[in-house]
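As written in TrEMBL, here are the features:
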DOMAIN    B:14-144  domain 'Exoribonuclease phosphorolytic'
BINDING   B:ARG90, B:GLY128, B:THR129, B:ARG130  phosphate binding site
DOMAIN    B:164-228  domain 'Exoribonuclease phosphorolytic'
6 protein chains.
Amino acid sequence: MNTVIRADGRALNELRPITIERGWSEQAEGSALISFGRTKVLCTASFTNGVPRWMAGKGKGWVTAEYSMLPRSTNERMDRESVRGRIGGRTHEISRLIGRSLRAVVDMKALGENTILIDCDVLQADGGTRTAAITGAYVALADALEWGRGKKFIGQKARPLIDSVAAVSVGIIDGEPMLDLAYVEDVRAETDMNVVVTGRGLFVEVQGTAEGAPFDRGELDSLLDLAVGGAATLSGLQAATLGAEATIS
Amino acid sequence: MNTVIRADGRALNELRPITIERGWSEQAEGSALISFGRTKVLCTASFTNGVPRWMAGKGKGWVTAEYSMLPRSTNERMDRESVRGRIGGRTHEISRLIGRSLRAVVDMKALGENTILIDCDVLQADGGTRTAAITGAYVALADALEWGRGKKFIGQKARPLIDSVAAVSVGIIDGEPMLDLAYVEDVRAETDMNVVVTGRGLFVEVQGTAEGAPFDRGELDSLLDLAVGGAATLSGLQAATLGAEATIS
Amino acid sequence: MNTVIRADGRALNELRPITIERGWSEQAEGSALISFGRTKVLCTASFTNGVPRWMAGKGKGWVTAEYSMLPRSTNERMDRESVRGRIGGRTHEISRLIGRSLRAVVDMKALGENTILIDCDVLQADGGTRTAAITGAYVALADALEWGRGKKFIGQKARPLIDSVAAVSVGIIDGEPMLDLAYVEDVRAETDMNVVVTGRGLFVEVQGTAEGAPFDRGELDSLLDLAVGGAATLSGLQAATLGAEATIS
Amino acid sequence: MNTVIRADGRALNELRPITIERGWSEQAEGSALISFGRTKVLCTASFTNGVPRWMAGKGKGWVTAEYSMLPRSTNERMDRESVRGRIGGRTHEISRLIGRSLRAVVDMKALGENTILIDCDVLQADGGTRTAAITGAYVALADALEWGRGKKFIGQKARPLIDSVAAVSVGIIDGEPMLDLAYVEDVRAETDMNVVVTGRGLFVEVQGTAEGAPFDRGELDSLLDLAVGGAATLSGLQAATLGAEATIS
Amino acid sequence: MNTVIRADGRALNELRPITIERGWSEQAEGSALISFGRTKVLCTASFTNGVPRWMAGKGKGWVTAEYSMLPRSTNERMDRESVRGRIGGRTHEISRLIGRSLRAVVDMKALGENTILIDCDVLQADGGTRTAAITGAYVALADALEWGRGKKFIGQKARPLIDSVAAVSVGIIDGEPMLDLAYVEDVRAETDMNVVVTGRGLFVEVQGTAEGAPFDRGELDSLLDLAVGGAATLSGLQAATLGAEATIS
Amino acid sequence: MNTVIRADGRALNELRPITIERGWSEQAEGSALISFGRTKVLCTASFTNGVPRWMAGKGKGWVTAEYSMLPRSTNERMDRESVRGRIGGRTHEISRLIGRSLRAVVDMKALGENTILIDCDVLQADGGTRTAAITGAYVALADALEWGRGKKFIGQKARPLIDSVAAVSVGIIDGEPMLDLAYVEDVRAETDMNVVVTGRGLFVEVQGTAEGAPFDRGELDSLLDLAVGGAATLSGLQAATLGAEATIS
């Protein structure tokens, strides 16, 4: 790492200040208000005993997610998708990404015929909303699973969580790989990558995109190194937030 | 008032604890996170220099509002309106009510050709979301007007705010009129009324509905008395929150 | 009442000419073509034996309503909501108001597991379409209930109608409260109120809105007085139209 | 023609009773409430000075139509297309047919840059709604053209109407060709044909469909004979209704 | 026939080169890629054992169709209907026409409780897409029926096909009736007719439209003569393509 | 590479048979029908002189894409997105991916104020539709650019193509990394990756997803190696298809 100075004074491999307010929402079975710097995402988990009809009778559960941004979470107000009458491609894409990321750490057999729907609503956006959403959603998910165990919808010995999961963005700006891009960095990045990593350090998703010039194998490797380091920090924070309660099998 | 005890121990003419976090959102021109007990609404005001095309050239501004609930703001998760592809009647009705309430205290000539759009997003719902939204929206509106003055979109001597505005619900339960219904009270109410009152004590909206038995003139009068008292308290809180900054003409 | 002359020469407390053509539609279980002056609304009641699935097995019925305007009912043609692909907020709001107003006078237990859907289609609009719709809808409803009794879907001794219901608008123009506003009056009104009153004189809905200046308690009282008087006249007309056939319990 | 007796006692080549109430709607530039027996369609014509942007500057006008059915115009209530959020294929098809039929008798150059939109709303449906709509729409159109001439949007010497137009259905039931099918006949027809004919006896549209068995050339010829006769009667009625006012070039 | 020369040198009663590639799609139960000159339509038939719920238990099957154009099948790219969020009137109209045409040659009792859905997707459009679609759809349908027989969803002795069906357009250009219009002809036609004819020479649909001047009975007769001749050629091609495999009862 | 045998007998690092029919569509400015085995995608490029309004005046062009599948391109018929009234998340995601991939090899300044829209319609689907679409879209794009140069919308010396681009899928099945997955392989893959690579061997997109177990760094590296090899073969095919005509700067 060299000594390039970032807009907010961070080192190239430094995350923004991360906070996780567990249980922020009093009505959901699990919830977390997570901040990556000024980015704030409210994640709530809704636990339903039972699964959609097409899945019934297989002894397996389902985990899914919906992502959305408040219209004035951004610097310029956006129209509501409900007003436009259709959900945009980016929203769909991120909702699907969050769902896949969470499912990668859940043993659906151990979950049993239960459904968990995670809502990730961006209250304030300053870059990295999808990675904050995944990281916070895991905390909400873990609490909803404990709630389900308390209600005996999940057996006492079942271990539906097989790992934890966190996500972080990395990018190349002026040729320099850096971790956890804020919005002003994101718009300037030549390459932008979102990486979803489990607590054990395995990859769930790697999504790298050349926004400007295409990238070579060496750049790709540097970005992956940075991401794995940042994700490990986030995994530690998740574990600290959840304490002993998130029982990973 | 007799000595009926409410679920949360309040007196019949007592509001729930009210908090207003002004400026909660860092990106909007005005914002407030308001709580009426467990009900939490994030109100943001977006200021645009200019008006919709059909209004241009008349020297007048426009104020409008959009209301929405997060899917898990409620005890049972609701489907998103963006997913259903259409906005429900209740959402439309409340958005229109908030817009009318705010316009009643704005001098559109003094505002000039500027548009303010207020978003009221319910983060947690426990009854009274529309009255909390109106009360918080006024604070966001006042700050956005000051922002517009700072940017010189509004003249230094213009006084677009001609009054303040707040709202509160009242209802009759087991024959007993009471102020500021929480959700458990709301579902039991025979009559339910939302009243929007200015800081000077004038009515902007009176919307009373017999959910159970129709009501007589005496009951209507009792409800109006209660509402006027509650609204006066809210107006005081708004003024305290805004300090000298909301210049009412 | 003073001697202000209205555009059409009416006294301040005078309704427009009201006509109710009962049974206008030959295919519906109940119907009425109602006119408030030039405002004409076709109300049809569709009786279904059975209730929506979510209500089944509770021994109770359901009454609901849909309101719509023909595109050229108004002076300027409006786009059809079917063409725009979405129902506007005003349409939703009025449909809900009509439904609530009718349900307030129906004993759902006595109705049994039957559903009545009232369609109110405005053929010509000149102010007061929602109040004409409610007043006409009651006549269609009463006939549909008799039809259901004739078909033995409703027991011979059941008395589902517990009262009649009518509605009228009132407003303040140039400081003067007046009854049953025509369109030219409606657009000039400072305050506009729709009041739904039962045959026994109780309130079902009170919806007052300050379109211009907010109103005080004295003005509110004057408007309510006017409305109660107008509604009593409408109730008399409904009873005369229906004769002995609408058996109110 | 043999002596088959129809449900309502008509001869095989006999129309149902036809009535045309010209000017039924007080707000439209032209209107007619037309009945073909129990089928009732309200046709209103909206005249706009100017044409859609894509047609501007060509010195030509435009005529178009929209068809719709009230939800309880039929024996079984249908859902509103506005509620379903989309317009059905049948509605589109009939709207397009009405528009084409009217355009066939209008000289767009003589109309000048004016637009006429005809709304045909079925208030009661008992078969033949599209043919009643076309026949009534012509009357509304003729009056709207006179209105436009009165307003000097159309030149005093211009003759935009080059012919009149009417429509009628024919069909084969139990091997017997017959004119102007009522609903009970329509559902039993093996072949069903809608024919649009000008006052001068020329064809604008011929739409024949084998609902049951395919038809041969002889049957087709019989149906066309019947239709031409019925249309001539309708043209006579249109002329009598309009009197000297519909100036056909 | 006189000696008018058409743009592509065809005689007035001559079809464009027709090709039918049977089984083009490897995954459908029946398929054909049909060309009428440059017009290319891919027709696939999807066989489902069972019928929609509203038809179940009647021992009868159902055949339906959907038509669509690729956005760049035309000379000017069109927006996708999926992007616009609604299906246009023309698409609906043609889908319904194809479905009716196919059902006219299927014995639904012999089909049994099976459903066949035909998709006709226009890959390249140069006039006559609906007639090519019907003609190709019949081939796909016949193969899907054989597939169903092979799977024993249709009985070995059942003869669901009671005839074959083909379609062709005819039109009048500069007063001259001609067969199978290409796009450059279609836009110039005064009258345009689509005729659907069975292999036995009976009419299933006759849809004639005066695009310019209305037409008289003599012109109508000439067009029908031309169409019957063209359809016979197409029926022969269908039979040759299918060989012995399409067993018509 | 070990000696695992794939369903179709290919080696682990072997592509399916690839064919590119350039100019398949006669009406588009560029087109290609590409096959990756049984997967067939029709790619058409529509060239518009000018850019969307929000981009005008910047001297830069735009390239975008839309992806769709025919309803019966798959083994089980899917509902059309136009019928469902909304575009699914997967469709949006792939359309965006194709657009980004193409833009990565276009110099927007050299393109000038021109827009190219690529439609990729899947006629038959057997895995790898998005990678076939990108690979074929490049050919259509290159031809559309030449068309634009021929029409002088693009300057003779401008070199809008700065590289070529192709895409291929890779995945891990039973622990074995393999190239260009067919559908039967895709559904079994533990990890699935789509890689978009330029002719010069640089990465445009890397999208790896753990469908089953998360993957480690070694597996990621093996997949990238395979993908780079396959993409080089595809780049060669593109160059051979286009010959000297695609002038890359």
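Note: Cβ is positioned from N, Cα and C throughout, glycine not excepted.
With helix defined as DSSP H, G or I and strand as E or B, the domain 'Exoribonuclease phosphorolytic' (B:14-144) counts 42 helix, 43 strand, 46 coil. Among the residues the record lists as binding phosphate, namely B:ARG90, B:GLY128, B:THR129, B:ARG130, the two farthest apart have Cα atoms separated by 13 Å. Per DSSP, the secondary structure of the domain 'Exoribonuclease phosphorolytic' (B:164-228) breaks down as 16 helix, 30 strand, 19 coil. Same-chain residues that are not part of B:ARG90, B:GLY128, B:THR129, B:ARG130 yet have a Cβ within 8 Å of the Cβ center of the phosphate site turn out to be B:TYR67, B:ILE94, B:VAL122, B:ALA125, B:GLY127, B:THR131, B:ALA132, B:ALA133, B:ASN194. Neighbour density for B:THR129 (phosphate binding site): within 10 A of its CB lie 24 other CB atoms from the protein chains shown.
Between the binding-site residues B:ARG90, B:ARG130, the minimum number of other C-beta atoms within 10 Å of a residue's C-beta occurs at B:ARG90. Taking the Cβ of B:GLY128 (phosphate binding site) as reference, residues of its chain lying under 8 Å away and at least six apart in sequence are, in sequence order, B:ARG16, B:PHE36, B:GLY37, B:THR39, B:VAL168, B:SER169, B:ASP180, B:LEU181, B:ALA182, B:ASP186.
Model confidence over the domain 'Exoribonuclease phosphorolytic' (B:14-144) is summarised by a mean pLDDT of 95.
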